[in-house]
Amino acid sequence: MKSIRIENITKVYDLARPDERAVDDVSLTVAEGELFFLLGPSGCGKTTLLRMIAGLTWPTAGRIHLGDRDVTDVSVDKRNTALVFQNYALWPHMTVAQNVEFGPKMKGVAAAQRRETAGRVLSIVQMEGYVRRKPVQLSGGQQQRVALARALAAEPDCLLLDEPLSNLDAKLRLQMRSELRRLIKSTGATAVYVTHDQKEAMSMADRIAVMNDGRIQQIGTPRDVYDHPGDRFVADFLGEGNFIEGRVAKTGATTVIETPAGQLLARIDDGPAAGATVTCCIRPERVTLQMGAVAARPEAAALPATVVGGVFLGEMAQLTCRLANDDVWKVTVLGESASAAPPEGAAVTLMVAGEHVVLV
Amino acid sequence: MTVLPKDRLPLTTSPGERAARRRATAVVVVMIALLALLLLMPLIRAVSRGFTHDGKASVYWFGRILTNQILLSEMLNSVLLACTTTAIALLLAVPLAMIRSSVRFRGQGVLSVLILLPLILPPFVGAMSMSRLLAHYGVLNQILARVGILSNAAAGPDWLGGGFAGVAALQALHLFPILYLNASAALANIDPAYAQAARNLGAGRWRTFRSVTLPLMRPGLFAGGTIVFIWALTDIGTPLILGYERLTAVTLFKELARAEINPRTYSLVFVMLTGAVTLYVLGKFVFGRSVRLDSSKATVAVEAPRLGVVGTAWAWLAFGGVIGLAILPHIGVVLTAISARWVNTILPSQITFDHLRFVLVRPETRVCIMNSLRYAGASTAVDVVIGSIIAWLLVRTRARGRTLLDSTAMLPLAVPGLILAAGYVAITARGSWLESIGPMNNPFVILVIAYSVRRLPFIVRGVSAGLEQIPIALEEASRNLGASRPATVLRITLPLIAASVLAATVLTFSFAMLEVSDSLILAQTESHYPITKEIYRQATSGNRDAASVAAALGVYGMVLLGGSMALAGALLGRRLGAIFRA
Amino acid sequence: MNSMQRNRGRSILVLAALVIALATGSAGCAGSAQTPDDPRRSGVDEQVRRKWGKGLADLPTLKLLAISPHNKNITDEYEWAFSLYHAVTFGQTVDIEWHDVGGGGSAILSYLRNVYAGGQDSSGIDIVWGGGEHMFQRMAGEGVLEPMDLSPEVLAAIPEMFGGVTMRDPGRLWCGSAVSGFGFLYNRPVLAALGVAEPTSWDDLTADKMFGQICLADPTQSGSAAAAYEMIVQSAPDWPTGWAKLLGVLSNAWRFEGSAGAAAKAPALGTAPVATCIDFYGANVAAEAPDMLVYVSPKGQTAFTPDPIGILKGAPNRQLAQRFVDFVLSAKGQALLALKIGERDGPVRTPLGRQPIRRDVYGLYAEGMSPWVVNPYEAGNEMTLDIDVRRIRYAVLKQLVRAAAVDNLADMKAARRVLIRTADPARLAEFNRLPDDVDTVADIAEIARRLKDPTEAERIVSTWRRFFRDKYRGIAE
């Protein structure tokens, strides 16, 4: 297992147009054994970055280190990474066993040992009964697991996963998340995992790098980037957020922010100076909904609003509420209250606790 | 970690990428050099006279062509003919390939082999038998008279005067199996999920075919279409049988066969080559854009429905009708071989097996068949290796000079056989450094070179089409797991494109067995004759039974080729058709 | 069987095929012409033993290289007979390596041109045999041939000119070895069905009823066709009349084939009921159905053309080549062409059925000749061509026929169809009108000179072609 160090990596596909950068000056370090996520919308450069780590795409500038080795100019077959492709790229003309044994075979591992390795990883992914099958004869989830087994069998220095769950149906995807994390963690591999699904990243990652437009916006643990998004893009991309601009009226243990919809309280350690204009971000599930008019409390602000719409989703309800300044916020109501959510047109108060207000 | 200011980042192609591209470019250069030596050099030797005038280098003759209305109208005619032929061949081949890939029925294996028969019409005797069939006082009109449609055989039309339409129809019937092979190979590589998705989204069968299946087949169809197009553009056999001579290729052939060849003719060769290459590049630009596939081969297993009695009958009617029409000349060859007398009758009026027996026991027959197998086998082997490398360079690398390589590799399709053969004679003449491989000694090497060069486009196109249809991720996965490039090609790429390679190999081998121009000129002594030259020698011997003896040789040639195709099918996938489902 | 195994099986199979193909590649297959049970051998063996002290099989063997379009029957018979003759006379047997470059005279000529192109002084070949007298004149002109020794006996037996045709080169660069006549072949039942009288002369071929029924050969590709067209012209009193007569035949063409041999197949295949062809070819084709197919040598209108032999420049086996020429032109060698199987000096396996060029042979071997071999010197059906006119006009006529008919077939036929329908004398006169630059014999000499230059030739022929096209289209309108 090796760490991954990326310095100033830039990818320009057409040198004649140096401003169109697929990846723009990215630097980051992935620790040994870490499960590291590259998260971002499609086209943000995360797959290009992953392919550069694998050696399938050549960077235009910058260096890539695996452990102590500078692999920037090393060809793909000599890097000892293993990539799980988005469409799995299982070889249709080979059986499951042949697919999985391919990596060890290329390393010159003897047949008996290859078989043993393949058996071991296939049992890790619970596919040991399918060795004689062809990929066509497997379901999507089974193919995904074989692809993972194939990568693991190569015993790579680092494991690279390119949206491995995106082709699975929703239920299977949910189920596979924890399973996949457990699997990767059990092998102790350093892993880089590319996805556009923030829930996948949140639930599986040790750390996440949020990317946009070829650049890294923020790196941190899931909790970090969710609770303290560095900017509006990150906040917006990681789950939903209600945004409102305001002016800092008072600083201290609790920062008071005057907004067009009313006063907000925020508990921030290094808040901006009084008078500064800020954007507040409040997650829908952090808003508590109260019927009728309710007064603000010391630790929570109260914003009057009207319910304008709602969707009942069983375990929760998602409401949209119009504030005093005509901004529309999303509010999530969980548990029993979901069934008792106020009807359209009801006057309500949105309670926002100070610790849930993030300035972005 | 130092973070460089953005404007100071050195934006260069990385050394690894440069090295990879340099390596690929080096191979491209080697390939171009090889083609330059074996194709361009003899070609230039042969056509150089078209570019000298009054002892100086000149484009005089070129100008004479561009101001000659007759020659220009012939060029236009040729292009129109090639378009028409390709269109008809597509209309014949694609529906059959679709039937082949989407349903199963009894006798499919037999039909899959039979459908290749139109391609393997032996030279000279095949043309003769087609003439007899379509002649003014020929078999077809006699049949029409017999069934009462004509008052007497002499009152029928001269089908051999069929002109443009006749040439296009006969060419299409002869060449459609090329497209069928490519279409079948292409269909085998298309994930049925795509079509299912379209049907699922409410598209009708026709709509699905037009907007999903057809675009996905495009690389395969383009590969076959190019070959059929250029073939039709430069074909002389069919137009000569039908006496339709307002075509550039026919004019060229007639000029080249004359004792005094005007320099303008050589310049015309150049014009035709340039035209063919331009049309090819243009076609590639318009139709040949590669389709990027995320997944291919089957991700879902589909069991093709098995047809009932009625369905099977319809399928047989479709295949049988087309094949039956296309192999009438073959039947004529067989009948000629067993005829002792065949004048003014529908079938031979006297039958004998003497010709077949005579040819079979002659040692010369064994020698020429062995020679053909050796020339065709060796040249096919060379083509598979060289052609696959070229195809791989074209599709999978970003090396410089690819367009040049691509066009050069397609050139042999358009080069008149007589020209290239003359070029080989010139470069191996006594005193030349290539004398030792010349036809005066053992012509094996020069014939294998000639055959290989002429059939190279089949492999290049076939393999390219195959490569374009497999997702690059399958190869990347292999590289990523530590396989070198060669290992990846051997273990992943080749098995995946086996259907395309095999289809191209079958074509290459068959056409090498049927090669005429180089064989006539370069195989000069009897012990080196391939079967085509032996057929020619017999057909023109002036002996009483010349036609029948030549036809008997042709029959053995057909049996040999048909047999080897069937054998290939049996060995390589039980039935030939099965390899297209790899 | 799982797929990996099958794939491996396939790979091994393909590899094995490649290896076999390459391995057997360079190993040549021996297949030299074997002497059949030759009744001459035992006698010759005895002679050889007496003269050279060892048997035929123990004699050293020489090798001679020849290029020839002749068929295997001819080459085999001559190889066997010459080898025995040489064994008795010189004490060595001879193997002849026959080269064939796929075609007649023009194919051989362009092959030799390519071989000698880089200023080579030798082609590696000794003998060139067969291909038409015009082709040999051209080869002689291009310096490809070497003068031969011809004995007084040979010179006496072969006229330099016969019927206006050169039978041997005055400079002895080549000499005819056989002669062939030129006539036409027709399909009797088809002509009857069409209501056309069976033709006996070239004039019969100009009849309106013959329209579209004759398969002709392109004179720029077939020397014998060119000679025949010249005969048709010569059978008329003057050049314009002769041209009109020729055009009458040409415009009845169904099609022009590339060689006289290809044209000869037409009546049997049913593509056209009448075709022009060489005598022995016609006789052979007609033999398939003698009641239906008829070959005609038009009386008094057949010229005989020679089938020449020559020694190539830089012949590696110069002396042996001369001996072969001597043998072919000897009475014995000549008789081989015409005798039946089993005759003394006759062929061993196949009768060749060709006419010897030596006058004396017809007397010497009168008994044993195949029935269809006729003595051209006695047949009385040859015509005498005006040598000078012919020599000058030869090249011109070929190109003129090509421009007027071969390259303008469709327009010419359309015009002729109108002529037949309207019988309009004005149109006919226009149809027969020649281009200004060839309408007199004097003009022809000038054009013949200019045609030698390729630039001029291309311009002249292109102009003619346009001239005729426009004329035909004018008539058809």
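From the backbone N, Cα and C atoms, a Cβ is placed for every residue, glycine too.
Record features (TrEMBL):
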type	residues	note
DOMAIN	B:75-283	domain 'ABC transmembrane type-1'
DOMAIN	B:369-568	domain 'ABC transmembrane type-1'
TRANSMEM	B:24-44	transmembrane segment
TRANSMEM	B:79-99	transmembrane segment
TRANSMEM	B:111-139	transmembrane segment
TRANSMEM	B:220-244	transmembrane segment
TRANSMEM	B:264-287	transmembrane segment
TRANSMEM	B:307-328	transmembrane segment
TRANSMEM	B:375-395	transmembrane segment
TRANSMEM	B:407-427	transmembrane segment
TRANSMEM	B:489-514	transmembrane segment
TRANSMEM	B:549-572	transmembrane segment
Inset, instruction - Name the range, of those listed as B:24-44, B:111-139, B:407-427, B:489-514, that has the largest tally of Cβ pairs under 8 Å with the transmembrane segment (B:375-395). - result: B:489-514
Legend entry - Top partner of the transmembrane segment (B:220-244) among B:24-44, B:264-287, B:307-328 - counted as Cβ pairs under 8 Å: B:264-287
Inset, instruction - Taking the transmembrane segment (B:307-328) as the first stretch and the transmembrane segment (B:24-44) as the second, find out whether 3 or more Cβ pairs fall under 8 Å, excluding pairs closer than 6 in sequence. - result: no
Inset, instruction - May I ask which of the stretches B:24-44, B:111-139, B:264-287, B:489-514 has the most CB pairs under 8 A with the transmembrane segment (B:407-427)? - result: B:24-44
Legend entry - Residues of the parent chain within Cβ reach of the transmembrane segment (B:24-44), under 8 Å, 6 or more residues beyond its termini: 273, 386, 389-390, 393, 397-402, 404-405, 408-409, 411-412, 415, 419-420, 422-424, 426-427, 449, 452-453
